[in-house]
Amino acid sequence: MASAVKVFLLDIEGTVCPISFVKDVLFPYALEALPHTLDSQWDDPAFAQYRDAFPAEYASSKEALAAHVRDLVSRDVKAPYLKSLQGYLWKNGYDSGEIRAPLFADVAPKFAAWQAAGIAIMIYSSGSVPAQKLLFGHTNSEPADLTSAIADFFDTVNAGPKTEIASYEKIASMHPQYPKNEWLFLSDNVKEVDAALGAGFQSFVVQRPGNPELPDGVEDRHKVIRSFEEL
């Protein structure tokens, strides 16, 4: 383990679960659920907050909103209002048992070990905080609900973009009891790792099965791990 780590700050996609879960399960599920949701809940006050978060030109009609969502997903645009809507759509899938998050086998045991050692676990993902809580609340692990192990959740709304140094500085400022050099951020995204390092965090690149090959030179510049067992 890296020296003096008091906080593990974890990415989700490609770090604790396969990239394919997000791309091949979650995104298609939301797109499939969207038309019925728009037809049945367009004027529902519970849905209105998600609809009205979209730019006005897209929130004006079901057709415009649906087309905009499909466009954003196809281009993998991480717009906060899209992430919030996706979380809302995924909730039904998680609640019904249709969706379970397939965590890598080392994740849940490490969560338990880190908790027992008094090390805080926090999450930082481009997915919305509600969507993060749904994912960790409905996993294939034992126990299936790991949310109680997680001290805090961060996304692009409450922290900022994951490739910006200021976002990590903001996260650290929310937990001033932990000096920046006691944080270890783990992500499959090299640009995110660079930003965390720039903020004074420790940070490693995670290379999981199904992740794209790392660019040349990454393993020369960064510590790369392939399992949390290496920590």
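Cβ coordinates are placed from backbone N, Cα and C, and glycine is handled just like the others.
Predicted, not measured: the structure shown is a model, and the values here were computed from it.
Per Swiss-Prot, Mg(2+) binding site is recorded for ASP11, GLU13, ASP188. Listed in sequence order, ASP11, GLU13, GLY14, THR15, ILE19, VAL205, VAL206, GLN207, ARG208, ASN211 are the same-chain residues at least 6 apart in sequence whose CB falls under 8 Å from the CB of ASP188 (Mg(2+) binding site). The DSSP secondary structure for ASP188 (Mg(2+) binding site) is coil.
The substrate binding site feature in Swiss-Prot is assigned to SER125, SER126, LYS162; the stated evidence is sequence analysis. Shown in sequence order, ASP11, TYR124, SER125, SER126, THR156, SER187, ASN189, GLU192, ALA195 are the residues of the chain, 6+ apart in sequence, with a C-beta less than 8 angstroms from the C-beta of LYS162 (substrate binding site).
ASP11 (Mg(2+) binding site) falls outside any helix or strand according to DSSP and counts as coil. Take the CB of GLU13 (Mg(2+) binding site) and look out to 10 A: across all protein chains shown you find 22 other CB atoms. Neighbour density around each Cβ, counted as other Cβ atoms within 10 Å, peaks among the binding-site residues SER125, SER126 at SER125.
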